[in-house]
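A short write-up of the structure that comes next.
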Amino acid sequence: MLHIPPENVWIALAVTLAAGLATAIGSLLVLFSRRPNPRLLAFGLAFAGGAMVYVSLSEILNKSIASFALAYGERTGFTYGTLAFLLGVIVIVLIDHFIPNPHDSLDKQDPAFRENSREYLKRVALLTSIAITAHNFPEGLATFFATLESPSVGMPLAFAIAIHNIPEGIAIAVPVYFATQNKFYAFSASLLSGLAEPVGAALGYWLLSGSLSHATFGWVFGLIAGVMVFLALDELLPAAKRYAKGHETVYGLVAGMGTLAISLVLFKW
């Protein structure tokens, strides 16, 4: 079993908490501005998607393979790392199948934005909150374990997830605010959803802390990489394209990848 210094656990948990709290920023943008800028949302979503794809394929998947290689040898390690990645994709596909896409309610043309449909708004608010909270659990695990094993990987990943959490905060706050006309309720709903990330991280560590090994990290990192890549390709990039008026999606995608590439190089130094 690997020994993890207690201070590393607290650092990883703090980073995960900071990423989760970004949902509250999204709610504040709704409550204290006229309307979210759709082109900025498009760029931000694509930026987060590019960052998550890059760090998942260039760092997290490689760490899965390296961890398995330390446990079982190079050839077996590569095989297990690939299987863990594919298993992560399958897991998030199943979650996505049963829980609706949390970005659907951001559309200003959706009936949820009509002030005379309070009951519909309440239903949208509830479903959106549940959806985003469920998606935040694996994101919390990803941030926590990536930071726990390597802050140089965890910090950029947390940054990407934080950016992606801002529009999720908007997705929660908008229907809650229109349904209740209460800013506190809208802010609280977004905040509580974001707190699912550190809660998921704490639960994951509690379950796995007694059996942390190279093989355990291999499975965790492989699953994380699969989950993050699927979320980026299935949710973030399509949502970005939905709000884009021009080339914001491509610019955001390239900027996200470039920013993560540079930050990872800087962390190496």
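From the backbone N, Cα and C atoms, a Cβ is placed for every residue, glycine too.
Note that the structure is a prediction, hence the values are computed from the model and not measured.
These come from Swiss-Prot:
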type	residues	note
TRANSMEM	11-31	transmembrane segment
TRANSMEM	40-60	transmembrane segment
TRANSMEM	80-100	transmembrane segment
TRANSMEM	125-145	transmembrane segment
BINDING	ASN136, GLU139, ASN165, GLU168, GLU197	Fe(2+) binding site
BINDING	GLU139, HIS164, GLU168	Zn(2+) binding site
TRANSMEM	158-178	transmembrane segment
TRANSMEM	187-207	transmembrane segment
TRANSMEM	217-237	transmembrane segment
TRANSMEM	249-269	transmembrane segment
CB-centroid shell, 8 A cutoff, Zn(2+) site GLU139, HIS164, GLU168, site residues removed: ALA22, THR23, ALA48, ILE132, HIS135, ASN136, ILE161, ASN165, LEU231
Residue numbers, six or more beyond the limits of the transmembrane segment (187-207), whose CB comes under 8 Å of its CB atoms: 9, 12-13, 16-17, 19-24, 26-28, 31, 125, 129, 132-134, 136-141, 143-145, 148, 161, 165, 168-169, 172-173, 176
Among 11-31, 40-60, 80-100, 125-145, 217-237, stretch most in contact with the transmembrane segment (249-269) (C-beta, under 8 angstroms): 40-60
Most Cβ pairs under 8 Å with the transmembrane segment (158-178), selected from 40-60, 80-100, 125-145, 217-237: 40-60
Remaining residues near the recorded Fe(2+) site, that is with C-beta within 8 Å of the centroid of the site residues ASN136, GLU139, ASN165, GLU168, GLU197: ALA19, GLY20, ALA22, THR23, ILE132, HIS135, GLY140, ILE161, HIS164, SER193, GLY194, ALA196
Top Cβ-contact partner of the transmembrane segment (80-100) among 11-31, 40-60, 217-237 (pairs under 8 Å): 217-237
Folded-back contacts onto the transmembrane segment (40-60), same chain, C-beta under 8 angstroms, at least six residues removed: 103, 106, 142, 146, 150, 153, 156-157, 159-161, 163-164, 166-167, 170, 221, 224-225, 228-229, 231-233, 236-237, 239-245, 248-257, 259-261, 264
Distance [Cα-Cα, Å, rounded] between GLU197 (Fe(2+) binding site) and HIS164 (Zn(2+) binding site): 13
Residues of the parent chain within Cβ reach of the transmembrane segment (11-31), under 8 Å, 6 or more residues beyond its termini: 132, 136, 139-140, 143-145, 147-148, 151, 154-155, 158-159, 161-163, 165-174, 177, 183, 186-187, 189-191, 193-198, 201-202, 205
